[in-house]
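Asker: Annotations for this protein, taken from Swiss-Prot, read as follows:
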- 19-100: region 'Disordered' (REGION)
- 44-53: compositional bias 'Basic residues' (COMPBIAS)
- 45-49: motif 'Nuclear localization signal' (MOTIF)
- 72-86: compositional bias 'Basic and acidic residues' (COMPBIAS)
- 121-218: region 'Disordered' (REGION)
- SER133: phosphoserine (MOD_RES)
- 139-157: compositional bias 'Basic residues' (COMPBIAS)
- 149-153: motif 'Nuclear localization signal' (MOTIF)
- 206-216: compositional bias 'Basic residues' (COMPBIAS)
- THR221: phosphothreonine (MOD_RES)
- 292-353: region 'Disordered' (REGION)
Amino acid sequence: MTSLLAKDAYLQGLAKKICSQPSAEPQKRKSAGKTQVSEAAAPPRKKRKKAQKKSRERERKTAKPKAQASAEKSEARKPEVAKEEEGATSSTRVPADGLAAEPDSLFALDVLRQRLHEKIQEARGQGSAKELSAAVLEKRRRRKQERDRKKRKRRELRAKEKAAKALEGAEATEPDLQVPREEAQAQPGLLFNKVEVTEEEPANKAQRRKEKRQKLKGNLTPLTGRNYRQLLERLQARQARLEDLRDRDAGQAQELEAKMRWTNLLYKAEGVRIRDDERLLQEALKRKEKRRAQRQRAWEKRTAHVVGKMQQRQDQRRQNLRKKKAAKAERRLEKARKKGRILPQDLERAGLA
């Protein structure tokens, strides 16, 4: 009976402990909150400056300063270790009354959340504007302006692309309507500056000669051109043949003369200038020979002038060289006279030679 009562008391106590014990995560949060609150509430600790930069010579000479430094370190660490142990024990201790610890844990969580939020804002660069400097604010303003400018540019590009697509669609529909207009405009009554180019091969020499003979009218070559001497000789030869034919057969000579006149008229009708007047040909030949003689005289005069100029420049050059040579010799003589030499030229001038 006593064993059953003991077992029942043991199970009831165990159930109370399990029910009263909080979960693992709140315990950790409570301990962290308590430690942080205690640290925040506690006065700032005075950190002792440790003598870390000691010279190597003193360490080599004596070991006593080392022992003292190690003793000081151990003494300085003892209160810290004791405080840590106290914090750990206080965190591990479960309060008998769980409702009394809840306000402290909630306050610690709020403090932690506030600190975390502040750190996140500082990392993002979105802290309060009062704490930021003017350079940071200017930098933010420039970044914002750059973002706005890029947005506007992207918006303009999208608008241009839409307009181009709309224009292409309109052009695709317009050609069907423009084709009849172009066909109607392509039927004028007269066309100017229309040049038809054929891909014919150039004619050879025999073909050109044949075409030239076909162009002749009455097998009579027209008296055209500016070779007045040749035209005059041809005209005189034609007149001599007519005189010879007139002596033999007057009728045939008249027929040939009429044929020649008619052929000349046909050539003149086509716009060819016929030079069949012997007097005019002789005058033209005289004028041409006169102009040729004038050009010949002008050319000869020009060549003579050029040759004279060249000779004049050559003579001037030679004269300048002689003067330069004489001046050089005179300078040498002057130098010799300054040195006290007696020259034969001076003796001749003095009449002592």
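Keep in mind that glycine also has a Cβ here, set from the backbone N, Cα and C atoms.
Would you situate these features in the structure and describe their surroundings?
Answerer: Averaged across the motif 'Nuclear localization signal' (45-49), pLDDT in this predicted model comes to 47.
Non-local neighbourhood of SER133 (phosphoserine): empty, since no residue in the same chain at least six residues away has a C-beta under 8 Å from its C-beta.
Summarising the environment of THR221 (phosphothreonine), the number of other Cβ atoms within 10 Å of its Cβ, over all protein chains shown, is 13. For the recorded site, THR221 (phosphothreonine), the DSSP three-state label reads coil.
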